[in-house]
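Inspection log for the structure reproduced underneath, given as structure tokens.
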Amino acid sequence: MAGAVGWDLVCDSNKLKEMAQSIFMAGILIGGLVLGDLSDRFGRKPILTCSYLLLAASGSGAAFSPTLPIYTVFRFLCGCGISGITLSTTILSVEWVSTRMRAIKSISLGYFYTSGQFILPGLAYAIPQWRWLQLTVSIPFFAFFLLSWWLPESVRWMILSGRSSKALKTFRQVAAFNGKKEEGEALSLEEIKLNLQKEITLAKAKHSIADLFRTPTLRRVTSCLSLAWFSTGFAYYSLAMGVEEFGVNLYVLQLIFGGVDVPAKFITMVSISYLGRHTTEAVVLLLAGGCILSLIFVPSDLLTLRTALAVFGKGCLSSSFSCLFLYTSELYPTVIRQTGMGINNLWTRVGSMTAPLVKITGELKPFLPNVIFGTIALLGGSAALFLPETLNRPLPETVEDLENWSLQAKEPKQEPEAENASQRIPLQPCELDLGPN
């Protein structure tokens with residue numbers, strides 16, 4: 001954590017750096033819980049806009065922090081802002097992008113994260129003073145805050161929240177922007193409500209976190225996914241925070257860590273499309289755990305081998321994140337999908353928040369952190385083996401659908417046309433033929 005350098009956190013005070021990083025992760029955790037609920041109440045766009053402003057202001061404040069406690073407060077708020085941006089962006093993209101494009105969209109969004117990993121080392125090299133670096137990466141979010149006012153709100157959310165007239169107006173604006181003005185003008189409120197009839201009915205039912213454990217299949221899915229999410233966040237941040245241990249130039253290693261994501265995400269997209277989500281998730285987590293445990297037995301003077309293992313492990317964990325976002329949304333029924341995503345996102349934040357604290361155990365035994373990180377990753381991969389496959393399977397709408405779907409998992413697969421029809425979710429711009437020509 002570059003900011004800690006300004007307060008001479010060395011020797012016994014060095015562990016405060018790990019504590020400050022955990023507080024940042026706690027901000028991401030709390031932000032996901034609070035802003036997720038507010039997003040359902042007040043809409044995706046307002047929360048996204050406020051999150052941009054929060055991140056811009058708190059990031060800039062961190063750059064001028066006179067003491068470590070004040071710095072950690074601003075970092076906590078930065079974590080909240082990042083969580084709000086990630087959550088709102090994901091929900092908006094899912095609710096505006098057609099069903100058949102969601103897998104590609106999910107991987108494509110990940111490449112923007114990868115691009116950031118390429119840019120940051122260059123900025124850090126050009127701006128070695130951490131305060132100016134912190135300010136430099138925070139200022140652009142003021143521009144994003146202003147630009148977010150032009151984003152359209154989720155039409156699906158507006159319909160389910162009783163703002164039907166505004167939803168129709170937004171639909172027509174999007175249609176005109178995509179060169180489909182006549183089709184947009186032909187839309188009627190009755191047609192939209194008819195397409196969303198099932199969604200509206202499901203939205204009226206009250207569901208809670210307890211529904212995630214109501215049936216045997218849901219209990220198995222929730223338990224295994226929770227462990228997979230926790231182990232991925234836990235092990236991922238162990239490697240991300242330990243880059244200085246490999247003896248390679250910090251800037252170069254960050255570029256390598258970002259570069260491995262490019263082939264990793266592409267391989268993941270191919271693997272989940274042909275081998276399936278179940279196999280992909282289990283394999284990448286088991287490989288990641290094996291790489292982390294292997295570091296225990298590699299001498300510290302073999303820097304190239306240690307770096308290669310860390311980079312490969314990091315690529316596997318990036319693949320795990322990409323797979324889990326799609327896999328989780330496909331496993332949970334529509335009526336509790338957002339609840340399931342929220343709970344599993346909670347577990348990965350708990351994992352990332354715990355990782356810096358586990359690093360402190362290295363003061364007792366240097367190999368101990370890698371033993372813990374690697375073992376947890378292996379447990380997560382093993383848990384993924386008990387999850388059902390979702391490749392070419394229809395999305396469940398209700399809890400009962402999931403139970404029936406699970407019982408039929410071993411039966412011959414449906415024809416692709418029939419499956420696509422059953423997966424069709426209304427209220428997608430291109431499915432209403434409002435996409436660009």
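Numbers here mean position along the shown chain, with the first residue as 1.
Placement of Cβ uses the backbone N, Cα and C atoms for every residue, glycine included.
Per TrEMBL, domain 'Major facilitator superfamily (MFS) profile' is recorded for 1-392. For 403-437, the entry in TrEMBL reads region 'Disordered'. Annotation source TrEMBL lists transmembrane segment at 20-38, 50-68, 74-97, 109-127, 133-151, 221-239, 251-275, 282-299.
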The transmembrane segment (109-127) vs the transmembrane segment (282-299): 3 or more CB pairs under 8 Å: no
Stretch in 20-38, 50-68, 221-239, 282-299 most in contact with the transmembrane segment (74-97), if contact is a CB pair under 8 A: 20-38
Feature contact check the transmembrane segment (20-38) with the transmembrane segment (282-299), CB under 8 Å, 3 or more pairs: no
Folded-back contacts onto the transmembrane segment (20-38), same chain, C-beta under 8 angstroms, at least six residues removed: 1, 3-4, 47, 51, 68, 71-72, 75-84, 87-88, 237, 241, 338, 342, 345-346, 349-350, 352-357
Within the predicted model, mean pLDDT of the domain 'Major facilitator superfamily (MFS) profile' (1-392): 83
